[in-house]
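Chemist: Got a structure here, written out as C-alpha cells. Questions coming.
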Amino acid sequence: MNNHFGDYQNAIYLAGLGGVLPKYPVDFATLKARAEAAMPPAILHYVQGGCGDEYTQDRNALAFHDWGMVPRMLVDTSQRDLSIELFGSKLPSPLFMSPIGVTGLCTQDGHGDLAAARASAQTGVPLTVSTLTNDPLEDIIAATGDTPAYFQLYTPKNHELAASLVRRAENAGYKAIVVTLDTWVTGWRPRDLNNANFPQLRGHVLQNYFTDPVFRELLGADPASDLRAAVLLWVSLFGKVLTWNDLDWLRSLTRLPIVLKGICHPDDARRAVDAGIDAIYCSNHGGRQANGGIAAIDLLPAVVDAAGATPVLFDSGVRSGSDVVKALALGATAVGIGRPYAYGLALGGAEAAAHVLRSILAEADLMMAVNGYPTIADVRSAGASRR
Ligand SMILES: Cc1cc2nc3c(=O)[nH]c(=O)nc-3n(C[C@H](O)[C@H](O)[C@H](O)COP(=O)(O)O)c2cc1C
Ligand SMILES: O=C(O)C(=O)c1ccccc1
C-alpha cells in the first residue's frame, strides 16, 4: 500500500514554480518564531513555557539528536506503509495529537478545539481532546469526521463527576480514555507565575465542566450567572491524586480502552500492564510538570521493553518527521505531537495545524524512503542507536 504523505513535498515545489510559496513554515524553528510574533503574550507563554528553567523541556527535544538510525541501501522503498492499528481502528499514520488544554485559546475566535478537530478530520491524525476545552467534548468530536478521537481525563476529586465525564465521552463516540497521572497539581512554571497567568482561573477552557450535569448540580446554578463561583468549584474539584488502588474504579467507569499518560518508569509500565491497562503513554508532559528530569525519549526504550505486547504511546519533544521515526524505532506504537500543532492553530487555524501535521508526516515518510525502511515494522526492527 502506498501513501501520499511524501507528495506534500512535490506539491510545495510545484506551487513554487507558479510563484506560490508555502503559507506556513515546514520546520519547527520557523514555526515557533512565527507563533512568537503572532500569539498574545499570555497564551504564548502558557503554551511555550515549562517548569523551572525549562531544562527538561529543552532536553526532551535536544535528546532526539543523541539517537540515530543507520541507512540501508538497495531496499525497494518505492512503496511505504505508515499505517498502524490502534484501539481497534486502522490509522493512516502513527501520529496523534496530544491533549492540549488551551487548544481552544490558540485561535483568535476561542474555538481552537473545533479547529484542531477539523485538522484531525483533514489529516486522519487522531485528536486527543483534553478535559480542558472551550467547546463541549460532544461538539469537538462532531468535527473530527471519520478520524477516531480519544478523550483525556483529568480525574476530578468527585467520583460522580469523573464518571459523568467518562460516560459522556463514551456516549459521544471517543475510542479511548487517556488518564493523565502527572497533573493533579500544576508544576512550578515561572513564566506563568511571573505574570500571574493561569487561564483556567479566568474561566477559560472549562466548558466540559460547565456543561456537565453533575458539575451543574454541585454548583446549584448556571455557571454563566456566577462565573466566579463556578471557577472556584472547579478549583476545588480539579485534581484527584490517583494511586494504583484507583485503577479498578477507573476500569469500572468504561468499556473503552484505558491509557495511562505519564508512565516513564519500567516498573510502573509493568505494573500497569499487570493491572490490565490497555496502553501506556510515556510522556513527561513536555517538561511542564517536573523540571530536572531525563528527556522522555531516553526513557522510552525501557518502558517499551517492560510493556511487552501492550501498545506504548509517546510524546514530549517531537518536533519533526525524523523525531517521529526515531520514536518508532525505539518502540513507540504511536507518536504524539504537542506544541507544534498549537503553534499551527495560532498561525492559521485548522488549515495551518493540518499543514504542520502534513509536514511532519511528509518528512517521516521521506526519511523512511531514503533510509531503506518501507514499513514501520522495518523501522522498529532496525532500532536506533545512541551516537
Ligand atoms: C499548553 C499545553 C497544555 C497542555 N494541556 C494538557 C492537558 O490538558 N492534558 C494533558 O494530559 N496534557 C497536556 N499537555 C501535555 C501534552 O499532552 C504533551 O504531553 C506535551 O505537549 C508534549 O510535549 P511537547 O509539546 O513539547 O512535545 C499540555 C501541553 C501544553 C504545551
Ligand atoms: O497546562 C498544562 O500542561 C496542563 O495540562 C494543566 C491543566 C490543568 C491544571 C494545570 C496544568
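The chain as shown is numbered from 1 upward.
Placement of Cβ uses the backbone N, Cα and C atoms for every residue, glycine included.
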Chemist: Quick check on the annotation: TrEMBL has Tyr154, Arg189, His285, Arg288 binding glyoxylate, so which of Tyr13, Tyr24, Tyr46, Tyr55 does it put in that site too?
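Modeler: The candidate from Tyr13, Tyr24, Tyr46, Tyr55 that TrEMBL ties to glyoxylate along with Tyr154, Arg189, His285, Arg288 is Tyr46.
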Chemist: Name the secondary structure element type, per DSSP in three states, that contains Tyr46 (glyoxylate binding site).
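Modeler: SS state of Tyr46 (glyoxylate binding site) = helix.
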Chemist: I'm trying to understand the geometry here, so how far is the Cα atom of Asp315 (FMN binding site) from the Cα atom of Arg288 (glyoxylate binding site), in Å to the nearest whole number?
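Modeler: The Cα atom of Asp315 (FMN binding site) is 13 Å away from the Cα atom of Arg288 (glyoxylate binding site).
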Chemist: Got a sec? Which of Tyr46, Gln152, Gly317, the binding-site residues, have CB under 6 Å of any ligand 2 atom?
Modeler: none
Chemist: Run through the Cβ atoms and count how many others sit within 10 Å of the one on Asp315 (FMN binding site).
Modeler: 28
Chemist: Around Lys261 (FMN binding site), which of the listed recorded positions (Tyr46, Arg189, His285, Arg288) come within 10 Å, judging by Cα atoms?
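Modeler: If one measures from the Cα of Lys261 (FMN binding site), the recorded positions that come within 10 Å are His285.
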Chemist: Out of the recorded positions I have (Pro99, Arg189, His285, Arg319, Arg339), which ones have their Cβ sitting under 6 Å from ligand 1?
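Modeler: Near the molecule: Pro99, His285, Arg339.
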